[in-house]
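Okay, structure first, notes after.
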Amino acid sequence: MIETNDSLRDCLAPAKLNLFLHITGRLPNGYHALQTVFQLLDWGDTLHFTRRDDGAITRGTDIVDVPADADLTVRAAKLLKEHTGTREGVNIEIDKRLPMGAGLGGGSSDAATTLLALNRLWKLNLPRAELQVLSVKLGADVPFFVFGKNAFAEGIGEELEQVQLPPRHFLVVTPRVHVPTSAIFSEKELTRDTKPLTIADFLAQHSCSAEWPDSFGRNDMQQVVAGKYAEVAQVLRWFDNIAPARMTGSGASVFAAFRSKDEAVAAHAKLPVGWSGAVTASLDTHPLFAFAA
């Protein structure tokens with residue numbers, strides 16, 4: 001990351017994995033009640049922010065099918081500007097690396113990186129807790145990225161408690177299909193009554209064993225998504241001969257954990273021609289964590 005008085009460049013918006021994802025019921029507001037553990041990755045989009053003196057908020061990068069006003073980075077900047085009353089503006093550029101509709105939290109992470117970066121660039125000095133509350137308006141996963149640590153999450157994903165996770169390398173494979181989260185949540189076949197657990201349950205069973213992630217929990221969305229999207233089912237079957245694997249979020253990405261980078265790279269080398277995969281490592285802390293107190 002490169003910082004000047006008027007810009008912040010090369011700001012990583014890290015991807016996330018859901019190490020498990022249980023749907024435990026419905027909340028009074030109609031949203032689904034979830035339990036999950038979020039794992040940060042050292043892989044993601046890269047954002048660049050340049051202060052504007054005219055107060056305008058602009059996006060200097062074209063993204064297919066995402067108009068600027070709908071972009072979560074622009075929405076985050078406008079939300080922060082409105083919340084604080086600052087007269088500052090910003091131009092945002094995005095090097096998009098994460099696939100959309102993949103369950104990796106790309107848009108949500110971009111939004112959180114925007115809030116953290118502008119808290120610094122605009123010299124707002126808002127506390128992290130205030131940014132987290134504000135970020136709920138942008139999406140259920142955004143508060144986690146503002147929180148900035150690997151976390152056990154409940155509610156819609158905004159109730160967060162830090163967890164210490166062992167270092168790992170991952171192979172993440174993303175089939176060429178976009179899975180709309182809202183549509184999966186609407187499926188009648190979706191499990192919505194998984195028994196709630198405690199963070200102690202997770203920590204007691206979670207390990208670096210060869211059986212992980214099969215050794216703890218599941219992704220309640222995986223069976224439904226694999227049934228609707230043959231591409232996801234195909235990736236899961238491919239992993240059967242490589243390592244235990246699981247879908248992250250509502251898909252479409254599927255991941256497996258490895259104890260070393262060499263093991264992950266060796267698995268990546270076996271990918272069928274035309275498949276998209278990335279070898280990445282775990283992160284303990286968001287790269288912009290220090291930008292909020």
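Note that Cβ sites are derived from N, Cα and C of the backbone, with glycine treated the same way.
Under the heading active site, Swiss-Prot lists LYS16, ASP141. Marked as ATP binding site by Swiss-Prot on the basis of sequence analysis: PRO99, MET100, GLY101, ALA102, GLY103, LEU104, GLY105, GLY106, GLY107, SER108, SER109.
Taking the features listed in Swiss-Prot, we show where each one sits on the structure.
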residue: LYS16; record: active site; DSSP class: strand
residue: PRO99; record: ATP binding site; DSSP class: coil
residue: GLY105; record: ATP binding site; DSSP class: coil
residue: ASP141; record: active site; DSSP class: coil
Can you check which residues sit near GLY103 (ATP binding site), meaning Cβ under 8 Å from its Cβ, same chain, 6 or more apart in sequence, and list them in order?
ASN18, VAL179, MET247, THR248, GLY249, SER250, GLY251, ALA252, SER253
If you count CB neighbours within 10 Å, which one among the binding-site residues PRO99, SER109 has the smallest count?
PRO99
Taking every protein chain in this structure into account, which of the binding-site residues GLY105, GLY107 has the most other Cβ atoms within 10 Å of its Cβ?
GLY105
Which ones in the same chain are close to GLY101 (ATP binding site), with CB under 8 Å and 6+ residues apart in sequence?
VAL177, HIS178, VAL179, PRO180, ALA252
Cβ-centroid neighbours of ATP site PRO99, MET100, GLY101, ALA102, GLY103, LEU104, GLY105, GLY106, GLY107, SER108, SER109, 8 Å, sequence order:
ALA15, LEU98, GLY249
Between the recorded positions PRO99, GLY105, GLY107, SER109, ASP141, which lies closest to LYS16 (active site), Cα to Cα?
GLY105
I'd like the Cβ neighbour count for LYS16 (active site), meaning other Cβ atoms within 10 Å of its Cβ, all protein chains included.
26
I'd like the Cβ neighbour count for ASP141 (active site), meaning other Cβ atoms within 10 Å of its Cβ, all protein chains included.
27
What does the structure give for the C-alpha distance between GLY105 (ATP binding site) and ASP141 (active site)? Integer Å is fine.
7
Cα distance (Å, whole number) from ASP141 (active site) to SER109 (ATP binding site):
8
Rounded to an integer, what is the Cα-Cα distance in Å between ASP141 (active site) and GLY107 (ATP binding site)?
9
